[in-house]
Amino acid sequence: MTGTLLTLNGLTKAYPGVVANNNVSFEIGEGEVHALLGENGAGKSTLVKMIYGLVKPDSGQMTMRGQDYAPVKPSAARQAGVAMVFQHFSLFDALNVAENIALGMENPPKMGDLASRIKEVSETYGLPLDPYRTVGDLSAGERQRVEIIRCLLQDPKLLIMDEPTSVLTPQEVDILFETLRKLSAEGTAILYISHKLEEIRALCDNATILRLGEVVGDCVPRDTTARDMAEMMVGSKLHVPERAGGDIGPVLLELNDLTVASPAEFGTALKGISMQVRSGEILGIGGVAGNGQDELLGALSGELPTSPGTIVLEGQEVGNLGPVARRKLGLLTAPEERLGHAAAPDMSLIENAVLTGSVREGLENKGFLKWGKARSFAETIIEKFDVRTPGPGNAARSLSGGNLQKFVIGREVLQRPDVLVVNQPTWGVDAAAAADIRQSLLDLAAAGAAVICISQDLDELMEISDHFAALNEGRLSDIRPAKGLTVDEIGLMMGGAHGMEVAHV
Amino acid sequence: MDFSSINPVLLLASLIVAATPLLLAAIGELVVEKAGVLNLGVEGMMITGAICGFAISVNTGSPVLGLVAAALGGAALSLLFALLTQYALANQVASGLALTLFGLGLSALIGQGYQGIKPPSFPRFDIPLLSDIPFIGPVLFTQDFIVYLAFFLTLGVWAMLKYSRAGLILRAVGESHDAAHALGYKVVRIRVIAILFGGACAGMGGAYISLIRVPQWTEGMTAGIGWIALALVVFASWKPWRVLLGACLFGGINVLQLNLQAAGVAIPVEFLAMSPYVITIIVLVIMSADRSGAPASLGKVFHAGN
Amino acid sequence: MIKLEKRPQPSQAWTYLTPLLAVVLTMVVGGALFAWLGKDPLVAIKTIFWEPLFSEFAFYYRPQLLVKGAPLVLIAIGLSLGFRAGIWNIGAEGQYIMGAIVGAGVGLAFYPMEAFYIFPLMVIAGAFGGWIWAMIPAFLKVRFGTNEILVSLMLVYVAEQLLASMSLGLLRNPEGMGFPGSRNLRDYASAHNAELITGTGMHWGVVAALIAVIFAYVLLNRHMLGFHIRLTGEAPRAAKFAGVNPSRLILICLGTSGALAGVAGLFEVSGPAGQVSIDFNVGYGFTAIIVAFLGRLHPVGILLAGALMALTYIGGEIAQSKLGLPAAAIQLFQGMLLFFLLTVDVLTNFRIRLAKREVA
């Protein structure tokens with residue numbers, strides 16, 4: 001490390017009702033891999049947006065190599081040598097790789113030249129990519145390569161990576177880290193944002209920890225235990241979910257060679273999925289995003305009907321039934337997307353309680369709604385699941401992510417399902433709410449329900465699952481007992497390195 | 001029945017005359033939709049362009065000034081749509097309908113006192129040499145310059161979308177406004193420019209009807225051509241050359257049914273007159289399976305938010 | 001610089017205030033327009049909004065309010081169900097025409113027989129005519145995914161041609177000395193939609209409109225189907241998750257709006273208009289779109305908006321004859337109303353803030 005690249009000094013940014021960043025200061029050295037660690041909602045995204053020119057700070061300054069640095073727009077940041085790999089990809093599905101990369105560059109060369117440079121760089125860094133493929137057809141890992149190569153083509157001084165490993169298998173993570181270490185050795189500084197402590201310990205030179213918008217500590221990750229970092233990040237001792245250890249009972253749900261086409265243009269079809277889930281069991285289904293998770297949930301919820309025999313619920317064929325009929329029989333689901341899928345953003349919590357609760361909770365009579373009963377059901381969810389909101393009359397979109405997720409999970413759990421299927425139950429949720437949600441799933445299984453938890457968070461799956469399987473390109477791996485599985489084995493179940501290779505530099 | 005009265009050269013030449021306003025309006029709307037905006041106000045912008053062009057032509061005696069005024073009038077009306085949908089974040093379907101209703105009223109008001117007048121005629125532009133080619137010459141190369149303008153506009157839009165950076169950015173904005181915003185592109189500004197371009201094109205298309213095709217002013221004279229232009233964009237799967245093809249097809253149907261009416265075919269006049277609309281529906285049905293070219297953000301409201 | 005900031009939830013107060021604000025803004029800008037046309041804006045506004053209700057000839061105009069308002073409300077109620085679900089039937093004008101043709105056709109088929117059941121049969125036939133016309137875009141959308149906006153609109157032009165064909169052919173009055181147009185249903189007691197109370201303008205269409213308002217109110221607020229309609233409009237994916245069958249909803253919403261437009265046409269042709277003629281339709285199907293939005297797609301709101309829009313029709317006619325205000329000015333006035341409404345609607349969901357310039 002030769003000197004300081006970027007200095008942040010007293011950055012503050014407030015939005016109405018919330019201070020996203022309060023007086024944040026730290027330094028990133030040339031070629032340093034610097035971790036920015038914090039929970040969801042700690043203000044990491046806002047901070048990064050300020051560095052990348054998407055948001056202007058209310059007060060505070062930044063300097064780069066001693067010069068004032070105040071990008072008014074992303075292109076100014078790019079010109080100053082800052083590049084960013086987004087968490088929610090900033091890619092265009094219908095365009096090809098080269099076009100996507102050109103859009104992220106200031107002065108892109110001609111398409112033909114660009115394509116050959118993409119090939120060259122992608123091979124140098126072990127990130128194989130065909131410049132003429134349509135981005136919508138790529139896997140999540142490949143899409144990330146597009147973003148990384150887009151950054152590398154601009155010879156950045158600072159590369160910002162926002163939660164890059166959430167879309168990768170463990171093997172792919174190792175290869176990515178190799179690439180990042182090489183970049184760092186070549187003098188590129190990396191600002192690495194994550195909440196995964198082991199990764200940070202494996203990769204980063206220094207870490208800055210954010211909580212509720214403020215810097216609460218710095219550390220050298222290699223010399224700090226994961227536990228200490230976690231406590232700095234969360235601010236209190238974490239409640240670890242407990243297992244009551246109920247008995248595994250009879251098979252409640254069975255899939256027989258389930259094959260479904262995806263309704264989405266760039267979706268993944270399910271191919272020949274068979275499995276059994278028993279009473280009292282939690283089956284964890286891992287896999288990188290976009291490998292058929294949404295489709296599996298849709299097939300189970302009844303949004304994507306199939307032939308009757310492919311889905312059997314307690315001996316009854318339900319594959320051709322719609323969502324309402326399946327709910328009546330005890331198969332409940334909670335999709336990944338909270339706003340717009342699991343809940344209607346502009347509708348009140350009462351109306352959102354009716355959304356799935358009408359049948360099992362008796363909220364309707366011959367088609368006429370019982371609003372009084374619906375209100376008390378919503379109030380019960382709010383109370384039992386500790387949903388923070390002024391009242392059930394408030395719109396779903398006014399709730400924070402964690403609170404709305406508690407409402408959604410609570411709505412299904414309180415309907416006493418025989419089988420509950422959840423997709424990404426704690427995605428984007430703060431640690432305390434996540435722990436509550438996991439506990440409620442464990443309790444539900446302990447009471448005799450069968451639970452399927454689809455998630456990309458392997459730690460979560462290892463914590464709560466009895467059995468584990470992984471989705472890879474629409475196929476389900478073998479189902480294996482979760483206990484004793486190694487990270488390597490899990491990675492291979494998820495599809496291994498997907499053809500990535502270690503950088504050739 | 002007397003089919004001998006139908007002269008194929010005249011028929012094809014008038015096909016091009018019928019196709020031009022459709023082509024102009026549809027190519028403009030194609031750009032708007034490629035930017036992710038659905039402007040259903042084409043009919044309103046066309047009729048406004050028709051009267052603006054007509055009034056200015058009559059008052060100045062210059063059809064070219066009239067054409068410019070038509071483009072400005074259409075663009076001005078589309079600016080209202082842009083303000084509504086891009087700044088006030090109103091629903092695009094409702095705003096487009098409002099634009100059409102407003103445009104019909106506005107044009108009727110401006111058009112008071114222009115009924116029954118003949119506008120100054122538009123200079124024809126015979127391309128030397130080419131216009132002497134038998135059959136093809138009189139069909140393709142002795143048209144007024146707006147026909148050529150429409151053709152080159154189509155060519156230009158095609159080239160821009162396919163080869164230029166501006167076209168790439170436009171497509172990117174229509175594909176995912178959030179991703180485009182994250183990369184620092186000015187989504188709203190780009191869309192407003194596209195909307196204005198669409199409005200200007202629709203305005204010129206309208207003026208072509210009132211100045212050349214008919215040529216006179218009557219209330220509501222666009223008679224659904226703006227809506228057919230919208231259908232044409234779907235028909236063309238958002239591809240410029242297919243818009244050209246579609247415009248010729250619809251122009252042809254219209255000219256043919258008018259000729260059949262004149263020739264006294266044993267089909268009642270009303271049924272011939274409804275045929276372009278019925279055929280539009282049939283074509284829409286056939287094409288609705290293919291949405292491959294549809295921009296993914298089409299019709300969605302964009303708000304940068306936090 | 002003005003910034004918009006999304007409210008955590010829609011503002012109740014602005015939901016009610018925006019239509020009023022839009023009306024006021026339209027009056028101001030409309031007044032300026034009238035001034036530009038050389039008319040005294042205050043007199044013009046007063047003529048349009050005051051005279052039909054309170055002038056010395058109000059006894060003549062007030063019944064007209066019901067006559068003009070009823071079809072607007074009937075059609076707008078139907079449209080609002082679809083609009084709420086994101087299903088855009090903009091071809092109500094065509095469905096209105098078809099309801100009139102089919103309904104009048106059934107009545108004329110019985111001519112000159114007199115029977116009590118003829119008029120009810122005509123009402124059913126009118127609803128059927130509008131329904132079947134709306135089922136074309138509905139079916140095409142469900143079966144092929146065809147855009148219902150364009151199809152329903154194209155069918156307006158087709159219906160207009162059919163209307164012309166009927167007035168000149170099949171339904172032409174055999175005793176009409178060759179003039180286009182059918183027999184006058186006002187002269188055929190069993191088929192006449194007469195005033196229920198003389199001098200009030202109250203006819204069966206008004207009754208039907210009121211029933212439609214109540215029906216829609218109960219449907220949207222108390223019934224699962226209404227809940228599903230709202231849910232589909234707010235969040236289509238959530239609606240599918242809840243178990244809504246989108247195809248069924250499309251058929252129901254388009255079918256209902258078509259049937260309501262159809263009966264509106266039937267009540268018009270058998271009463272105020274009297275006969276099927278080439279210029280029978282006067283654009284109620286399009287104005288109803290404004291009414292639906294102005295009423296914020298709420299049944300009671302639509303009732304009020306329908307009354308207001310009927311007022312501008314009548315007041316516009318008075319202003320036309322008394323002040324020489326062009327008919328187009330009223331049309332423009334109505335279009336403006338929709339514009340302003342859509343503009344100020346932003347206040348319901350967003351707060352306006354003055355902020356220093358910042359990177360967006």
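Backbone N, Cα and C atoms are what each Cβ position is placed from, and that goes for glycine too.
TrEMBL entries are annotated by machine, without manual review.
Noted in TrEMBL for the protein shown:
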{"type": "TRANSMEM", "residues": "B:6-25", "note": "transmembrane segment"}
{"type": "TRANSMEM", "residues": "B:37-58", "note": "transmembrane segment"}
{"type": "TRANSMEM", "residues": "B:64-84", "note": "transmembrane segment"}
{"type": "TRANSMEM", "residues": "B:96-115", "note": "transmembrane segment"}
{"type": "TRANSMEM", "residues": "B:135-161", "note": "transmembrane segment"}
{"type": "TRANSMEM", "residues": "B:192-211", "note": "transmembrane segment"}
{"type": "TRANSMEM", "residues": "B:217-236", "note": "transmembrane segment"}
{"type": "TRANSMEM", "residues": "B:243-260", "note": "transmembrane segment"}
{"type": "TRANSMEM", "residues": "B:266-287", "note": "transmembrane segment"}
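Highest Cβ contact count with the transmembrane segment (B:6-25) among the listed stretches B:96-115, B:192-211, B:217-236 falls to B:192-211 (criterion: pairs under 8 Å).
Cβ atoms under 8 Å from those of the transmembrane segment (B:192-211) belong to residues 20-25, 27-29, 31-32, 34-35, 37, 39, 42, 45-54, 57, 63, 66-67, 69-79, 81-82, 85-86, 119, 122, 146, 149, 153, 170, 217, 221-222, 225-226, 229 of the same chain, restricted to positions at least 6 beyond its ends. Within the chain carrying the transmembrane segment (B:266-287), a Cβ under 8 angstroms from the stretch's Cβ atoms is held by residues 1, 224, 228, 231, 234-235, 237, 246, 250, 253-254, 257-258, 260, all 6 or more beyond its ends.
Taking every listed stretch (B:37-58, B:64-84, B:217-236, B:243-260) in turn, the largest tally of C-beta pairs under 8 A with the transmembrane segment (B:96-115) is reached by B:37-58. Residues 21-22, 25-26, 29-30, 33, 40-47, 50-51, 54, 100, 104, 107-108, 111, 114-115, 117, 119, 202, 205-206, 209-210, 242-243, 245-247, 250, 276-277, 280, 283-284, 287-288, 293 of the same chain, all 6+ positions outside the transmembrane segment (B:217-236), place their C-beta atoms under 8 angstroms from a C-beta of that stretch.
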